[in-house]
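Undergrad: Dropping the structure in here first, questions after.
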């Protein structure tokens, strides 16, 4: 990792919201007196009834997290209504379609009307405060309308990434007991059609077998392609939306009422329903968006994330709209119709801030510089990265080639569970280092801890923990508070364990080194190894499977599968292809097996536990650091695995 320091640019210094001195002052205040700090910044949103209590949190037995607990507000009101008097005619949402010739611009006044109609349509179909609504949509404006409409009437949304399979959708429907689904006939991505309605139909059948019945499916028309239809259950959005009223009062919501459930991979294989509440989440999404992206009114802000991920929730929809920003939503991929698409969009819409994933950056870097050089990119002021640590080579390319040495790079570290940025540079306050997430955001107290639980001071490397709460923190895992405590607070008592490894350098900068648990970070998407292993062993040819990550030049981490076949089944290229297809069907298109190694046996301890540590080293080609293998029941298994490693 490089230690070269990139100073704060003079251009940014002239017009920044926060300089180095203010950052230090505010950070000290946020740690020494969090009540006062967050009381002040809690005013960044409008409250129907002001809060009198700020912070009521404990990471000890029982774990309880409450912020602004007696305040009453509404997320949709803050994202739309409060902007109407002063800038109702400003563009709220720019939509750029998969097809480069398709786009839309929606003002705040228009957004108000769309969301009110959508909210009334939900109400007309019996959806009420507290109901769970599943959203499985492509990146179209209606996806944002659906989220905001749920927030407006107090329904809890559960958005599912449109790349997930019917089985994955069903698991989420069953867990949150959702009886109402919003989907589209198809999605469009990279010029290809995705059968969303088909997936939903299959998911509903699977959920029904687990005694969860979906009563209504709202279908948004995207392609007009043929789909199956169930009369009495399915209804067309376009047929009913024009009859819905254009005014819908915003439901008064307690700050601690749930806003959404978002499922993320768990190390046990069953996805975890991360629950975020209303007041604290919105305050944190808004304040991080404002200061991390140094947001000034009138700027065009583009977060390339899908709404199916937390980044899409916090930094495509809720944070920017709460701040009255213009946010850009992109339906397509960075490489369609060619690898210059991102830069064309930047020029076309005069984008000032581009926030994207290292995976996309590495893929575009691999395409060479000519696509970038064919564009001007003069509107760009800031560049950001999210989803995984960015390697210094990709950082340097993004900075020099895309940003022409003048746009600070905001390498943000955070999680679905944190709701918003935790470690991040601030453009006017933080000198940069390529590959470092730099310093903690306000109110974030970090500790690096070794395997024995000792707190490490100064330069150190170990497990990253957070020792006190912040407003955007998840409140629980839906219907499973015990698992919430077990997952995040049992490893180090009284501390939130992130599951990430981290290094702190001599300047106090933090470098995220990757997951230390059984979660893979593939192209910025979290996949549980247990989830993939469970999918593999469902295949009739597979007796046993173990999955680990290995360094991948584009995706950050690749998926390496060690597979033991049933007695009498021979390995073949055909079977390999079938296993890849099978896992995609079970989990979704993001679960791609990069390497499959057929192994007659897996390395196990005498008690029968698979030694994944050894498999990880083999997958990484790191044969010299296998460590102690004397505890294995059959140590010779390791030699066979090394000899047959997939290059």
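Positions of Cβ are set from backbone N, Cα and C atoms, glycine also.
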Undergrad: Among 377, 381, 515, which residue does Swiss-Prot name as a further ATP binder in the site formed by 387, 388, 389, 411, 412, 413, 414, 415, 416, 500, 526?
TA: 515
Undergrad: State the count of C-beta atoms found within 10 angstroms of the C-beta of residue 584 (CoA binding site), not counting that atom itself.
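TA: Around residue 584 (CoA binding site), other Cβ atoms within 10 Å: 17.
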Undergrad: Taking every protein chain shown into account, which of the binding-site residues 190, 191, 389 has the largest tally of Cβ atoms within 10 Å of its Cβ?
TA: 389
Undergrad: Just counting, how many other CB atoms are there within 10 A of the CB of residue 414 (ATP binding site)?
TA: 25
Undergrad: Only counting partners 6 or more residues apart, tell me which same-chain residues put their Cβ under 8 Å from the Cβ of residue 515 (ATP binding site).
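TA: Listed in sequence order: 499, 500, 501, 521, 549.
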Undergrad: If you count other CB atoms within 10 A of each CB, which of 412, 416 wins among these binding-site residues?
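TA: It comes out as 412.
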Undergrad: Select one residue from 537, 542: among these binding-site residues, choose the one with the most other Cβ atoms within 10 Å of its Cβ.
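TA: It comes out as 542.
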Undergrad: With H, G and I counted as helix, E and B as strand and the rest as coil, say where DSSP puts residue 523 (CoA binding site).
TA: coil
Undergrad: Relative to the Cβ position of residue 189 (CoA binding site), how many further Cβ atoms are located within 10 Å?
TA: 19
